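J.: Pasting in a structure now, in C-alpha cells, and then I'll have a few things to ask.
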Amino acid sequence: MRKGLILLLIFPVVAVFLGIFVGSYPTNPLHLDQLGKRIIWNIRLPRTLMGISAGMALGLGGMILQAVFRNPLVDTYILGVSSGVALGAALAVSFLPMAGIAPVALVFGLLAVFIAYSLARVNGRVSTVSLVLAGIIVTSLFSALLALLELLLSSESLSGLVVWLMGSLSNVSWRTVDYSLPGVVVLAILLYFLRFRLNVMSLGDEAELLGVNVPLWRGTFVFLSALLTVLVISSTGIIGWVGLIVPHTARMLVGPEHSKLILATISMGITVMVLADVIVRLLPGDIPVGIITTVVGVPFFAYLLRKTGGAWE
Amino acid sequence: MRKAGIILIAVLLLSVLSAGCVSNSGSSEKTTSATPKEITVNDLAGRSVTLKVPVQRAAILSTSALEIVQLLGAENQVVGIPAEAKADTFLSDKLKNKTIVGKRLKIDDWEKVLALKPDLMVNLYLKKFYDVDEFLSRSTSYGIPVIMLREDKLEDIPRAVELLGKVFGREDKAREFTSYFNEQVSEVKKIAEKIPTEKRKKVVMIQPIMGKYFVVNGNDVLAQAVRLVGAEYMANFTFKGYSPVRVPLDKEKIIAQFKDADVLILLTSAVTPYDKVEAIKNEMLNDEAWKGIKAVNEGNVYVLKAELDKDSFLRWSPRMAVGIWVVGKAIYPDYYPDWKDKANDFLKRFYSLS
C-alpha cells in the first residue's frame, strides 16, 4: 500500500519533468540555451500545466459520476458534454467568430448537461438509467444540430473543426491556462472538502437514511463534474477516455474511500495526460492528444471490463 | 375496388408526369448555338476523354475550375456548381445562381445532377479527399464524360485554362490568358535572376486554422511561387511516400525546424480572416519563443490573403498570375513592384471586376 502511494507521488513528478524537458527542440536541463529557456517558459510549461489541469479535471469529473451513480462505466461524456462542446465550437466557427471558440463551447457544454439532467429528473429523482438515456437524447439532438451546421461550413472550416474536436494541448497558451487551471484547482479543493459527502453519496439511495438530501447533492455533484470537464475541453477539444480509465484504475489501487481516491485520481490524471502529450510531441506532425488517450484507453478499458465484468467492488 | 384501382392508376400517372416536369425544370438553360463535334482530349490526370464540344451543360465541382469558366466567358454553359461557389467573389451572380449539386469535390444527390442532364463534369483529381474511382464509375455509368483537373503545379494553371477553353469552345480567350500568364511568369523569372545568391531568402508559410498551425508543404503551388520569385522554400515533408500540401505542426516543432527562416508568411483562410491572422502575427512578434525564428525576431512576418476574396490571389487558379507578384513583393520588396495595379488590370481584363 505504502509502495503504491509512493508511486502515485513519483509518477506525476516524473511526468511533469518529462513534460518540461522533452520536445522537438533539444533542451538539456543542465545546459539550457536562451531559446531553450524561452521554449520551456512559453510553450512547454503552459502545455504541461494544461495537461495537469486536463488530467485532474477529466479524472475527477469521471470519479464524481462513478461515485454518485455507483457505476464504474460512466463519465461526464454520457451527460452530452462532448456534443454540447462540439455544437458550441461549430456555432462559434460558423456564426460567432468574434466570440471565440472556448466561451461558446463552454456555455453549450453546460447547457447540454443542464438539459440532460432536467430530462432525467423524474419526481425529483435522477437514476443512472434515466441519466444515461437523457444523455443519449441530448447527444443525439446536439449531434444532429452539429451535422446540420457542418453542412453549412466550407471545406476549410469543416476540416479545421474536425481537427479541433479531436482534442489537443498544442494550441495552449498562458491565457488558456490562466482560466482553466485555477478553476480546476479550486473545484478540486472544494471536492476534497466534500469527500465525506461523496463517500455517503456512493452508498446510493441508502444515503437518505443518513439524513442526506440525495437529490440536491446528486445535482450538485453532477454540476461540479460537468463544470470540471467543460473548463478543460472547451479550450482543448474532446479528450476521451481519461474520465473513465483514471478514476477506475485509481480505485483499483487505493479503494473507494474518497480522501485517498481523490488524491490518487489527481495523481494518475496528471501522469496520464502529461505523458500522452509528451508522446504527441515526439511523433511527427501535430497529432491530437485525444487520439493517443483513446488508442491507449480503449484496450485498457476493455481489459478492465473483462477483468471486473463492469462491477464495482 | 375497381374505382379505387382507376383512381390509383390516375394518381400514379399524375405523379410520373409531375416528376417529369420537375426533372425537366433544370434543363431550361440557354446554350450556345455552335454545332457540336466529337473530340478526344487528355485531362490533367492523364486520362483520355471523348466528348462533344462545345460543351453546353457542364456540372463543375471546383471553384478554381469555375473561375476558369468565368474567365472564358462560358457561364451559360454551366448548369451545376458546388456550394462553395457562393463565397467566391470572382464569380458572377449568373454562375452563383446555378443549381448546387454538392460540396467541393462531392456530389450530394446524383438524381439532382442527372436532372440537369449534364454533358460534362469537371472535378479535381484528389484521391485523398474523396473516392475518385467511385465518382468516375458512376458518371461513366450515366454516360457523362468527366474532365479531371489537378491543383498541384503552377504550370498546370495555363494548361487547365487551355483544356477548358477547348471543351467550352473558347480557345481565343484561353489563349489570351495563357499568353498573359506566361508573360507574368517570365517577367518574375527575369527579376528573380537579378537577385544575388547571398541575398536569397529562406521562406516558410503557415496557415493558422482554429488555433492550429498548418505549414504549407514544398509541393504546394504557393511554395512553387516562392521558388519562382527567387527564394528558398524551407518545408518539404513526406510521410511514407505521401506529401500532403498542408502539414499540421505544433509551435515548438515550427520553431525548431524553421529557426533560420528569413521570412515567415502567414496565410488567411475561410476560417481565419485577415484580422484574426493579423492578431496572430502581433502575438508572434511579442512572443519570446516565436522570436527563436529569425524572421520573427527581425520582424519579417507578413500576412497574405489566401481565401476567396477579390483581393486574395494565393490559390491555385488564374488568380496566381497576380499571386506570384504578391509573393515576390512580400519576400523581396526592393526587387518586385507593387502588385495592386497588376491586380486591377487582371481583374478588369479577365473578370470584368474593378
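Using the three backbone atoms N, Cα and C, a Cβ is placed for every residue, glycine included.
Marked as transmembrane segment by TrEMBL: A:5-25, A:45-65, A:77-95, A:101-119, A:131-153, A:173-194, A:215-241, A:261-280, A:287-305.
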J.: If I count Cβ-Cβ pairs under 8 A between the transmembrane segment (A:261-280) and each of A:45-65, A:131-153, A:215-241, which range comes out on top?
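T.: Checked against A:45-65, A:131-153, A:215-241; highest Cβ contact count belongs to A:45-65.
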J.: With pairs closer than 6 in sequence left out, are the transmembrane segment (A:45-65) and the transmembrane segment (A:173-194) joined by 3 or more CB pairs under 8 Å?
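T.: Touching, yes - the transmembrane segment (A:173-194) and the transmembrane segment (A:45-65) meet the threshold of 3 or more Cβ pairs under 8 Å.
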J.: Give me the stretch from A:5-25, A:101-119, A:131-153, A:215-241, A:287-305 with the greatest number of Cβ pairs under 8 Å to the transmembrane segment (A:45-65).
T.: A:215-241
J.: Are the transmembrane segment (A:287-305) and the transmembrane segment (A:131-153) close enough that 3 or more Cβ pairs fall under 8 Å, when only pairs 6 or more apart in sequence count?
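T.: Contact criterion not met.
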